[in-house]
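Scroll down for the structure; my scribbles are underneath it.
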């Protein structure tokens, strides 16, 4: 999915507002995903999935760090996320549908925390961005 110049501007501005809360929002999105889509828990059998667990918080930070990397390399996400794509395709073997589920939960989390910034245009741009990240992360499944 191609991001327009306006999409890129919206994504960078929105992620800039996330700032130091990125890890917190990443963990919250994971918790939302586990609660809303319980089958996603199967990829984390060794995690304490309770609210506020250190493992979920640490993984939420990893998710947020990957998104920060993608935002910073929005014009070259395949290169920037190549190692992460390899990890998810070859080692973790995460079902690609789970990226869509997490993307949805990230959008809900961002809308809850940034209601003034979460305009329809920003929502659409973030949705396209997360779809692009998902496409990159699943590109090596083929």
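Using N, Cα and C of the backbone, Cβ positions are placed for all residues, glycine too.
Listed features, source Swiss-Prot:
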DOMAIN    2-142  domain 'Globin'
MOD_RES   4  phosphoserine
MOD_RES   12  N6-succinyllysine
MOD_RES   17  N6-succinyllysine
MOD_RES   17  N6-acetyllysine
MOD_RES   25  phosphotyrosine
MOD_RES   36  phosphoserine
MOD_RES   50  phosphoserine
BINDING   59  O2 binding site
BINDING   88  heme b binding site
MOD_RES   109  phosphothreonine
MOD_RES   125  phosphoserine
MOD_RES   132  phosphoserine
MOD_RES   138  phosphothreonine
MOD_RES   139  phosphoserine
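Feature map: Swiss-Prot annotations on the structure.
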residue : record            : Cβ neighbours (10 Å)
4       : phosphoserine     : 10
12      : N6-succinyllysine : 14
17      : N6-succinyllysine : 14
36      : phosphoserine     : 12
50      : phosphoserine     : 10
59      : O2 binding site   : 17
109     : phosphothreonine  : 23
125     : phosphoserine     : 22
132     : phosphoserine     : 20
138     : phosphothreonine  : 19
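Under the DSSP three-state reduction, residue 50 (phosphoserine) is assigned to coil, being neither helix nor strand. Residue 125 (phosphoserine) sits 15 Å from residue 109 (phosphothreonine), counting Cα to Cα. Under DSSP, residue 4 (phosphoserine) is assigned to coil, being neither helix nor strand in the three-state scheme. Counting other Cβ atoms within 10 Å of each Cβ, the lowest count among the recorded positions 25, 88, 139 belongs to 139.
Taking the C-alpha positions, the distance from residue 36 (phosphoserine) to residue 88 (heme b binding site) comes to 22 Å.
Closest to residue 4 (phosphoserine) by Cα-Cα distance, out of the recorded positions 17, 50, 88, 109, 132, is 132. Nearest Cα neighbour of residue 50 (phosphoserine) among the listed recorded positions (25, 88, 132, 138, 139): 25.
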